[in-house]
Amino acid sequence: MVHFHPFGNVNFYEMDWSLKGDLWAHDPVIAKEGSRWYVFHTGSGIQIKTSEDGVHWENMGWVFPSLPDWYKQYVPEKDEDHLWAPDICFYNGIYYLYYSVSTFGKNTSVIGLATNQTLDPRDPDYEWKDMGPVIHSTASDNYNAIDPNVVFDQEGQPWLSFGSFWSGIQLIQLDTETMKPAAQAELLTIASRGEEPNAIEAPFIVCRNGYYYLFVSFDFCCRGIESTYKIAVGRSKDITGPYVDKNGVSMMQGGGTILDEGNDRWIGPGHCAVYFSGVSAILVNHAYDALKNGEPTLQIRPLYWDDEGWPYLSV
């Protein structure tokens, strides 16, 4: 049986999302197992946060106490233990955690994979198993193998989207046994801004009412209050595209309807994820808090859909 991100019967629209506790986070994703919530985000060994209610958060350590040895083969210049931009999915009884190994501003990168039977460290079966590399890029490639996101199409077939700058957002079909690229799978470019520096990254694809929605981040993160990150979205009837924005502009030609570009306090929102529970949905992302000198901070907000099926945030 396929599960995307199990949230049970939680009604996200009835919750108060005034988050509290340890909220430092960059590139967050969420999962829920039983009554407990988990956030995974960029940091030493992939950082983990946990919550009993989705609102009050505390740090819970990391996935990898030390980095897998194989990464040096792909990213020899990396000399610190920060792993980037995880994504997690639950498939056939196993949690699959994808993550990025790279150095800033280069496309010498690799996406790795770890698995676990449970997210609860109190469970005797709790153990993150290194499953090695998934896909990599080199300086001679026109894409950047970071920012992974796994999506299942309407037939239950898993796909991996990823990408940052270079030629933009990529998509490749996964093998259902290994959850790595299928033999002879074709690498597809599904979104590009069409001009240098092609500041698009962090894809996240969800399916709703017959449409695939591609959420991406435009412009520049990681500059604190000088960040220009913003969240954009397009949609397609086919997982491979073409994705178009609300005005019908192709995301292969710079299209993308802006969902959130921040405000005076919350600067540069981006690297988002979207989750459903019944008819309700949430948007999970980081933004830079101007009241805390640009500290990257976890945000979780209700995500609504208009009569034409386009997502929006409440004012």
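Note: Cβ is positioned from N, Cα and C throughout, glycine not excepted.
Residues or ranges marked as active site, proton acceptor by Swiss-Prot on the basis of a curator's inference: Asp27. DSSP assigns Asp27 (active site, proton acceptor) to coil in the three-state reduction, placing it in neither a helix nor a strand.
Non-local contacts of Glu201 (active site, proton donor) by the CB criterion (under 8 A, 6+ apart in sequence, same chain) comprise Asn144, Ile146, Asp147, Gly163, Ser164, Phe165, Ile169, Val216, Ser217, His271. In three-state terms derived from DSSP, Glu201 (active site, proton donor) belongs to an extended strand segment. Annotation comment: Swiss-Prot describes Glu201 as active site, proton donor, evidence class a curator's inference.
The substrate binding site annotation in Swiss-Prot covers Asp27, Gly105, Asn144, Ala145, Ile146, Asp147, Ser164, Phe165, Trp166 and rests on experimental evidence.
Residues annotated as Ca(2+) binding site in Swiss-Prot: His271. Mapped onto three states, the DSSP output places His271 (Ca(2+) binding site) in strand. In the shown protein chains, 30 other C-beta atoms lie within 10 A of the C-beta of His271 (Ca(2+) binding site).
The site 'Important for substrate recognition' feature in Swiss-Prot is assigned to His271.
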Q) What is the maximum Cα to Cα distance, in Å and rounded to a whole number, among the residues Asp27, Gly105, Asn144, Ala145, Ile146, Asp147, Ser164, Phe165, Trp166 annotated as binding substrate? A) 19
Q: Round to a whole number and give the Cα-to-Cα distance in Å for the pair Trp166 (substrate binding site) and Asp27 (active site, proton acceptor).
A: 19
Q: Counting other Cβ atoms within 10 Å, pick out the least crowded of the recorded positions Asp27, Ile146, Ser164, Trp166.
A: Trp166
